[in-house]
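Novice: Let me give you the structure first, and then I'll get to my questions.
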Amino acid sequence: MIISGAASQALAAALARELEEPLARAEYDRFPDGELLASVPDLASVGDGGDSDNSTDDTNTGTNTDRAIIVASTVSSDAHLELLQLQDAAREAGISEVVTVLPYMGYARQDKAFDTGHPISARAVARAISSTTDRVLTVTPHEEAVCEFFEPTATAVDAADRLAEPLPDDLTDPVFLSPDAGAIDLAETVRNAYGNGAGETDYFEKVRHSGTEVEITPSDVDVEGRDVVVADDIIATGSTMSEAVGVLQERGVGRVFVTCVHPLLANNAVTKLSQAGVEAIYGTDTIERQQSAVSVAPSIAAEL
Ligand code: R5P
């Protein structure tokens, strides 16, 4: 069965269709004191409440009690807690294998202690999740090394090739850029997935001065009159992308499309990008937004 966190319901449904597995109904409640209670009434049909007969099939729902796949992007502290509750509920019901899919793993970018006295937050959340799951999949984490923080096997699912799908078919002499050297593989994957690998790739040099301030040094590629796709793993505040797009506009670029796996689009990111002159923003459904133009369900399903 597929169980969804509140923030990942569309992706969980798409994955259920892809895998032809039943989608359980989860409920997301809150006590008067503010504490969360995420639950899965459909787990009642599993029946033995912890006395695990691992091969039971519920005849009414077709529920396979061997495996529960919990799909939950940890986009907030509440979403983290809700995931822990859903994993625990599955264990409590006697499901023998709990698989956690983190389409977007929150705190993954805090993968080191930035100063004395700081935590490694990605490790802290990975340890908590590890306590009640048997396997973890996460989509295009900022650094694959984050997988090592989990105790069970954790796999990074590469969904970059999905980003080519929503791009218009008529890009003029396209250039595929990444806003920093770290995302060049992603830009190359998008280029290769778009129209038989036609188009140049390059990257900008980026220096981050603060959470919202970045400085971008242009790439050498001539972009005048050409359509450009800027690809990154995540758009958070939109500072990186809007700086990059601003540089392109100064160089007489044609149309600019920005694309990312995780469209976090916090605060005024959409406005910043619109003001920078972006034609369209595309993302996947790892974070469910209006800009989620393509699903990563096939990429996840291929690993399950
Ligand atoms: C950093 O290296 C990442 O790949 C992204 O470029 C960055 O996290 C995007 O953040 P923001 O949208 O806040 O600039």
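For all residues, glycine too, the Cβ spot is worked out from N, Cα and C.
Relevant sequence annotations retrieved from TrEMBL are reproduced here:
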| type | residues | note |
| --- | --- | --- |
| BINDING | Asp33, Gly34, Glu35, Arg109, Gln110 | ATP binding site |
| REGION | 42-64 | region 'Disordered' |
| DOMAIN | 67-130 | domain 'Ribose-phosphate pyrophosphokinase N-terminal' |
| BINDING | His142 | Mg(2+) 1 binding site |
| DOMAIN | 157-273 | domain 'Phosphoribosyltransferase' |
| BINDING | Asp180 | Mg(2+) 2 binding site |
| ACT_SITE | Lys206 | active site |
| BINDING | Arg208, Asp232 | D-ribose 5-phosphate binding site |
Novice: Under 6 Å from ligand 1 by C-beta, which of these binding-site residues make it: Asp33, Glu35, Asp232? Sequence order, please.
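Specialist: From Asp33, Glu35, Asp232, counting a Cβ under 6 Å from ligand 1 as near, the near ones are Asp232.
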Novice: Just report the maximum Cα pair distance in Å for the recorded ATP binders Asp33, Gly34, Glu35, Arg109, Gln110, no decimals.
Specialist: 31
Novice: Would you list the DSSP helix, strand and coil counts for the residues of the domain 'Phosphoribosyltransferase' (157-273)?
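Specialist: In the domain 'Phosphoribosyltransferase' (157-273), the DSSP-based counts are 38 helix, 35 strand, 44 coil.
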Novice: If you count the C-beta atoms lying within 10 Å of each candidate's C-beta, which of the binding-site residues Asp33, Glu35, Asp180, Asp232 ends up with the smallest number?
Specialist: Asp33
Novice: Please work out the number of neighbouring Cβ atoms within 10 Å of the Cβ of Gln110 (ATP binding site), leaving out its own Cβ.
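Specialist: I count 18 other Cβ atoms within 10 Å of it.
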Novice: Could you measure between Arg109 (ATP binding site) and the residue listed as 'Mg(2+) 1 binding site' for me? Cα positions, answer in whole angstrom.
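Specialist: With distance taken Cα to Cα, the residue listed as 'Mg(2+) 1 binding site' is 6 Å from Arg109 (ATP binding site).
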Novice: Average the per-residue pLDDT over the domain 'Phosphoribosyltransferase' (157-273) and send me the rounded value.
Specialist: 91
Novice: What's the CA to CA span in angstrom from the residue listed as 'Mg(2+) 2 binding site' over to His142 (Mg(2+) 1 binding site)?
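Specialist: Each residue's Cα considered, the residue listed as 'Mg(2+) 2 binding site' and His142 (Mg(2+) 1 binding site) end up 12 Å apart.
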Novice: Give me the CA-CA distance between Gly34 (ATP binding site) and Lys206 (active site), in Å, as a whole number.
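Specialist: The separation of the Cα atoms works out to 41 Å.
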Novice: Could you measure between Arg208 (D-ribose 5-phosphate binding site) and Gln110 (ATP binding site) for me? Cα positions, answer in whole angstrom.
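Specialist: For Arg208 (D-ribose 5-phosphate binding site) versus Gln110 (ATP binding site), the Cα atoms are 15 Å apart.
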Novice: By a 10 A CB contact count over all chains shown, which of the binding-site residues listed here is most packed: Arg109, Arg208?
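Specialist: Comparing the binding-site residues Arg109, Arg208, the most crowded Cβ belongs to Arg109.
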Novice: Looking only at DSSP and grouping its letters into three states, which state does Gly34 (ATP binding site) belong to?
Specialist: coil
